[in-house]
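This report concerns only the one structure given below.
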Amino acid sequence: MFGGYETIEAFEDDLYRDDSSSELSVDSEVEFQLYSQVHYAQSIHNANKEEGYEEKNCENSETVSSQPNQKNLIVLSDSEVIQLSDTSEVITLSDEDSIYRCKRKNIEVQAEEKTQSPATSHSNKVAQKCKRNNKKPKPEERPGVIREVMIIEVSSNEEEESTTSENENVESWMLLGSEEDGKDNDILLNLVGCETAGAEDDVNWFISDKDIEAKIDNNRSSGRWNNRYYSVNKNVTCRNCDKRGHLSKNCPLPQKVRACCLCSERGHLQYGCPARYCLDCSLPMSSNHRCFERLSWRKRCDRCDMIGHHADACPEIWRQYHLTTKPGPPKKPKTPSGQSALVYCYNCAQKGHYGHECTERRMFNQTFPTSPFIYCYDGKYDIQQRDRRIKRKVKDLKKNGDFPRQFKRPHVEETDKRRHHDMRKSRSPRKYRRWPRENKETQKEKTRSREGKTHRRGHQPRGEDEDFPRGSKPNASGCANNQKPSKSLHHASHYHRLREERLLRESKRSKPKKRKSTEDGSHDDLFLIKQKKKKPKPSGL
């Protein structure tokens, strides 16, 4: 078929008088020319310089004859011509950190196959020539943009089959400008100068002057003792030791134990406090506590019309004393205070309503909201009626045994004792300056002597004593009571009278104890007393 030649390659070698055999694979020189056209640039300015350098190299390289009108054509082989549009752009690559990053890519390639005369150079070697347009850039194009040149080689059917087999082994990550892969997220792009900072907002951040003066760092330390050696010049105060120069988290002293908000004692919190009170009856909760009050959410106040309490426990009772400075009924304002124009809610922070009127969910559900207004002021009669109701309630609690016991608070009792002791010292010389106190023994002796004097003055005749050994007649007792008191009692002060009456009551209370011990021999004593007082009658009578 080929005129005695075995293959078409041998026929072509004899036809073109070429000693070298035709090869399907790409020649090493062609591969070198292809790789030499890949440009690397760190920034746009460097890319422009390299573009001019490449133009000089292309002029000195081997050239292939082409038509004068085809300025933007690249001859790849004897029968292949590829035309590139002027709007195409080149991929810019950064070789600084061996990381390739694509800036822009807009490719519009139009392939046109044209035949040429067979009087060309060798078919096995592909000649390549770069011709660039040296004209000024069009207004549509931006200055300093690097174009992308993609070189495509079209060969025969056998060569196409070989290239397709080679392309099957090429993966997506090997191609420049391909789609993003999930494995590429681990690559760190350390490029400086390639991107513009035009998209960032021009925001000026600054540090407050107070933070600078206090010299407080925003970086938290990993351990507690890292900042142990602090400087005293810092304007901060520790809440643990009350010393300046460091914070409580860096304090070398042990942390204080939190105090209870109910009894102000340390060692327990609110939920474990022994003085914890019941939310329904407001009494301390003990082990045997029994609450007979209605549940708090079923109570409604007749005074402020709020849920959670009764009228006697309404917070308006103490709120009405906002103008009172003297003891007595609360003072009323001359003109009623109107509602302010600016109204905000403490629960939802919205404008237009108060916190007790808010319908949103409460931040703290343990208490019920109360009204901040005062609807009425109490008078003397209202205060007296409320005190009577409270006393009646206390009596009922004492009867049932539900009255709260007093909890011992050592630090409070010590302060109270000191205050009372100081008050006694200060008041004793003024109160008892004229009438100093006497001992109990001297007081008892005086009372006995006075009782003896009154008994002698009201002494009955001997006959009456005989007839009435256990006591005198009622008339005699009446005479004794009608006697005038001694002069000393008239001259005594009112204070001495009260003191004497009190001592007499104490002596009367102590006498029955002695009588109980002598009840057994009372009859014998009376018989002996009667015989002793009995005297022999005169015989003449």
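Just so you know, glycine gets a Cβ as well, placed from its N, Cα and C.
According to Swiss-Prot, the protein carries these features:
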COMPBIAS  418-434  compositional bias 'Basic residues'
COMPBIAS  487-497  compositional bias 'Basic residues'
COMPBIAS  530-541  compositional bias 'Basic residues'
CROSSLNK  K129  SUMO2 cross-link
CROSSLNK  K136  SUMO2 cross-link
CROSSLNK  K138  SUMO2 cross-link
CROSSLNK  K234  SUMO2 cross-link
CROSSLNK  K249  SUMO2 cross-link
CROSSLNK  K334  SUMO2 cross-link
CROSSLNK  K408  SUMO2 cross-link
CROSSLNK  K431  SUMO2 cross-link
CROSSLNK  K473  SUMO2 cross-link
CROSSLNK  K484  SUMO2 cross-link
CROSSLNK  K487  SUMO2 cross-link
CROSSLNK  K530  SUMO2 cross-link
MOD_RES   S477  phosphoserine
REGION    111-144  region 'Disordered'
REGION    394-541  region 'Disordered'
ZN_FING   236-253  zinc finger
ZN_FING   258-275  zinc finger
ZN_FING   299-316  zinc finger
ZN_FING   343-360  zinc finger
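A 10 Å cutoff on Cβ-Cβ distances gives K249 (SUMO2 cross-link) a total of 13 other Cβ atoms nearby, all chains included. Summarised as a single figure, the pLDDT of the zinc finger (343-360) averages 90. Across the zinc finger (299-316), the DSSP tally of helix, strand and coil residues reads 4 helix, 2 strand, 12 coil. Break the zinc finger (343-360) down by DSSP state and the numbers are 3 helix, 2 strand, 13 coil.
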